[in-house]
Amino acid sequence: MKETIPTAETASRRPEPAARGGRPRRRKLTFDRVTFFLAFLGVPLAIFVIFVLIPFGQAIFWGMTDWRGFSPDYNFVGFDNFTKMFQDDIFLKALRNVALLAAFVPLVTLTLALGVAVAITLGGPSKGPVRGIRGASFYRIISFFPYVVPAIIVGLIWAQMYDPNAGLLNGVLTGLGLDHFDTFAWLGEKATAMPAVMFVIIWGLVGFYAVLFIAAIKGVPGELYEAAKIDGAGRLRTTISITLPAIRDSVQTAYIYLGIAALDAFVYVQAMVPNGGPDNSTLTISQRLFNVAFAKQQFGYATAMGVVLAVVTLVFAALVFLVNRLTGGGEGESKRKAPGSRARRAAAKGGAR
Amino acid sequence: MSVIAADRKPASDRKPASDRKLTRAAASSDRRFAAISHALLILWSVIVIVPMLWVLMSSFKSTGEILSSPFSLPDHWRFENYANAWTDANIGKYFLNSVIVVVSALVLVMLLGAMCAYILARFEFPGRRLIYYVMLAGLTFPVFLAIVPLFFQLQNFGLLNTRPGLILTYVAFALPFTMFFLYSFFRSLPHDVYEAALIDGAGDWRAFFQVMLPMARPGMAAVAIFNFLGLWNQFLLPVALNTDQDKWVLTQGMAAYASSQVYDIDYGALFAAIVITVVPVLLVYCVFQRRIAGSVSQGTFR
């Protein structure tokens, strides 16, 4: 290739210092190298810019217009969309709902995931090196199951579980003699709809984070546990004083991405309560945004909701960082193994999507 | 309580010689911890597995049976539910669509992600850090912020409601995750092999495809598994950007099938459709589960 196409680079190319063992990155720009860079960096970046970056940027601008989509003209309305939003009762309700989701879902999911991870990894005999509990891989496989099932299917399964007439849940409860639940509509009652939805999201996500924490716990040096044992620390004490601090970074990352998943929650609510639930008690911002955009064609207003959702997400992440820092989260530690924690963040994100 | 007592007995009967050094207190605390752990894990396993088994069992029952007795086994196994689900829900078609879109996107994103990660990890050039952090931002913002502009972006390119459009969108949104994961992987690869390739006269292209990429295979496998699950389960992007029913992916088809069941519900067929959707992925998971657990730990500790 490079011989047949003479370019400025190839023409003016000077002979390179022949294959020295030094830094390759200081070599001169050859045609080969230029095309290599263009293809390797240019193509992925172009796709990323066109389909991710530009839409994100446009969102911030369109959020300040009254654009309705199919006509080219729109007016710049500044922050009108945002003031309108905060007088919109339905949106405020959705905001309150996602605040509830963000408050409970990550906390409960992580508590359960940590419980499962600790039980699996540290449940074995305390003698010798840290060993897993008997049947560890069985439990691990089972608890990961829901993560393999598409979220939409998780929602559909539980919509059936909660079904007032045909659902297993009411079947079990009436079977236990609780006739009150004979035709109880879990997703149709204002008091239970939201907790029921939360439970399903938690059910779907615990397994992934349990496996993540199992990996993190296995990475804790065994000597730490030995030392704790010699000092006479019990299991509970060891978990709180050794395990939790050691995997702190993983927990923080998981918390942030669970928060992102909970603030979104679109798939789950679409599957179980597509209409927003009784008195909109399970309506999420994502659902509201989707309807305002694709059913009502108020694209400017919908995009502004997206901006608010993004801001809420960032505030949530900042809060998690802040709490971790205030309670003594190690800045030094996270700096020391920065590449690792980045990959971990990436891994957790893969789970959240 | 009874669980603990039941567990205590066999454990003290066995008592291997090496265990004698344990103080009695430690041993009993061990057993208590193990018993509580088992109880907790069994409880969680039941909560996970029962809904799935119930779906499987109900998929062989008639609607009448499901309504009258949710627990009982079907009095006769109705395999016709599966046939009904297959034809009514168009599962075959949507499954094929999902395979086409997800496999194409997966191959593309693995290639592009590896290329991009390789450049960012192994070369120093102005703007490197900027690109890195911009992609990090792309990983953090909610997709919902972009969804409306993305819709019109695809429309402008004539890609709305087309497979290539959906594939490119999948690639774009999976790219940051792929890049970050592989970035740390390429960073950790030894330099001397690469040097040797250059000395042997390989250009940048050949050094990448014949030397570096094969070395990154474990990392690639790990990311590919996560990307596959993420893309296969994707719901929002296709629902917003791929509204042509002929091109629906499986998640869309299932959502539509379930909501079409509101008036005249064929529960058996609905459950059968769920089983058909879940089982292939679940089987693949069972085959690769070791690797998946390994992938998570690689993601954590590289």
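Glycine is treated like the rest: Cβ placed from N, Cα and C.
What TrEMBL records for B:95-288 is domain 'ABC transmembrane type-1'.
Under the heading region 'Disordered', TrEMBL lists B:1-20.
Sequence annotations record features per position, and here TrEMBL assigns transmembrane segment to B:33-57 (among others).
The transmembrane segment annotation in TrEMBL covers B:94-121 (among others). Sequence-distant contacts of the transmembrane segment (B:94-121) (same chain, at least 6 residues past either end, Cβ-Cβ under 8 Å): 128, 131-132, 163, 166-167, 170-171, 174-175, 178-187, 208, 212-213, 216, 220, 223-224, 227-228, 231-232, 247-254, 277.
Tertiary neighbourhood of the transmembrane segment (B:130-152): same-chain residues 120, 160, 169, 173, 175-177, 179-180, 183, 236-237, 240-241, selected by CB-CB distance under 8 Å and a gap of 6+ residues from either end. The feature transmembrane segment is assigned by TrEMBL to B:130-152 (among others).
Per TrEMBL, the feature transmembrane segment maps to B:164-186 (among others). For the transmembrane segment (B:164-186), the residues of the chain that approach it from at least six positions outside its boundaries are 101-102, 104-105, 108-110, 112-114, 116-118, 120-122, 132, 135-136, 138-139, 143, 150, 154, 157, 212, 216, 219-220, 222-223, 226-227, 230-231, 234, 237-238, 241-242, 247, 249, 299, 302, judged by C-beta separation under 8 angstroms.
As annotated by TrEMBL, transmembrane segment applies to B:207-232 (among others).
Annotated transmembrane segment per TrEMBL: B:267-288 (among others), in sequence order.
Same-chain residues lying 6+ beyond the ends of the transmembrane segment (B:207-232) with a Cβ under 8 Å from its Cβ atoms: 98, 101-102, 105-106, 109-110, 113-115, 118, 122, 170, 174, 177-178, 181-182, 185-186, 189, 193-194, 197-198, 250, 281, 288, 291-292, 294-295, 298-299, 302. Below 8 angstroms of C-beta separation, residues 52, 55-56, 58-63, 66-67, 78, 81-82, 84-86, 88-89, 91, 95, 225, 229, 232, 250, 254, 257-258, 261 of the same chain, each at least six residues beyond the ends of the transmembrane segment (B:267-288), sit close to that stretch.
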